[in-house]
Amino acid sequence: MQGAWAPRDQGQSPGRMSTLGRSSVILLTYVLAAIELTCLFMQFSVVPYLSRKLGLDSIAFGYLQTTFGVLQLLGGPVFGRFADQRGARAALTLSFLAALALYLLLAAASSPALPGVYLLFASRLPGALMHTLPAAQMVITDLSAPEERPAALGRLGLCFGVGVILGSLLGGTLVSAYGIQCPAILAALATLLGAILSFTCIPASTKGTKTDTQTPSPGGPRASVFDMKAIASLLRLPGVPRIFLVKVASNFPTGLFTVMFSIISMDFFQLEAAQAGYLMSFFGLLQMVTQGLVIGQLSSHFSEEALLRASVLAFIAVGLAMAWMSSVFHFCLLVPGLVFSLCTLNVVTDSMLTKAVSASDTGAMLGLCASVQPLLRTLGPTVGGFLYRSFGVPIFGHVQVAINVLVLLVLWRKPMPQRKDKVR
């Protein structure tokens, strides 16, 4: 057990790590992911109301969201390469320390005695290094067999669900009861705990010595973390461009709606902070069940391509329903389909993409996968804001149907390459 948990056992590879040791590391990784996601969703609950309190209009709030998205977009691939080269412990610790800085700045921004607007925008800067979920995915990918990977990655949905439920409930409740500053302080303390656990309990590396091709030869130059050419070369590997394009295109319409959801919940659904928290908790509960239980069962009976097609079909059905949505009750009815399609698409594409690269590049590939959501958060406020102001909520359903119909045609005309370890 000590080999898996103690930081001084830095040379231990997954190939020599005991089954109990691997299980302990994976379990702790799930716990760390749940801590970070809980804090992240507490922050999501706070920022819209803090922005309104500080006098920011919807355009300025869009700039704020875009800033965070751009920084995460730029930082994701670099962070993934950093994780490949420096190991899981360094990556997770760095991510939690960056989150700690963000929440401290957010707490300071809510203080009336300080320049809140400047501190609020400054709090977005550490977001470039906040990538706990991709780091956790890398650990789980490195320590799980290829045939077990979809189910293992899917269990991160349990962590995501816990984060959405606890973060949304705590964020909304604490804002209503104790003010905007309280959730930020609580998140700072939780991320400090996460940094300590990462540094003391996560092994330095989770990659086997045979596949660790990034280790430089003695006396040779060390590969640069910022080598964007090496990162971009992963997107040219066989099968990767099409899978990655499907991931981006299918996520795009729902990403626009998600980015605008805080505004839609206040303006269209007329929800207060606590009510919005309850709605997000419902979303998180469904995601926890879908990713943690349903996808694991489905992946053992169906091929990844079949699950990918099913997720796109579900996107189309949800888009049609969203085009006719007129109340929060209608939204609650379509959330299960939305959650299924989102979870299945992201888990299956992440699994397919990590199988397409060597074990030494899983962190960089997962960093590229993690950059999809920041890309949507970068484009979302501008594109989503324009669509919402010009056409209202139904336009998000129309866009979702149109794009996913095209994606489905591409998938049916040119099937993805199949692996022999999957059952049809």
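Glycine is no exception: its Cβ is also placed from the backbone N, Cα and C atoms.
Those TrEMBL annotations? Automatic predictions, nothing curated.
Annotated in TrEMBL:
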type	residues	note
DOMAIN	22-416	domain 'Major facilitator superfamily (MFS) profile'
TRANSMEM	25-47	transmembrane segment
TRANSMEM	59-79	transmembrane segment
TRANSMEM	91-111	transmembrane segment
TRANSMEM	117-140	transmembrane segment
TRANSMEM	152-178	transmembrane segment
TRANSMEM	184-202	transmembrane segment
TRANSMEM	244-264	transmembrane segment
TRANSMEM	276-294	transmembrane segment
TRANSMEM	306-322	transmembrane segment
TRANSMEM	391-412	transmembrane segment
Stretch of maximal Cβ-Cβ contact with the transmembrane segment (152-178) [cut-off: under 8 Å; candidates 25-47, 91-111, 276-294]: 276-294
Spatial neighbours of the transmembrane segment (117-140) far in sequence, C-beta under 8 Å, 6+ residues away: 25-26, 29-30, 32-33, 36-37, 40, 47, 50-51, 54-56, 64, 67-68, 71-72, 74-76, 79-80, 83-84, 88, 91-92, 94-99, 101-103, 105-106, 108-109, 149, 152-153, 156, 159, 194, 202, 206, 350, 362-363, 366-367, 369-370
Whether the transmembrane segment (25-47) meets the transmembrane segment (391-412): three or more C-beta pairs under 8 angstroms: no
Contact set, same chain, for the transmembrane segment (306-322): CB under 8 Å, 6 or more residues outside the stretch: 246, 250, 253-254, 257, 295, 298-299, 330, 333-334, 337-338, 340-342, 344-345, 348-349, 352, 393-394, 396-401, 404-405, 407-408, 411-412, 416, 424
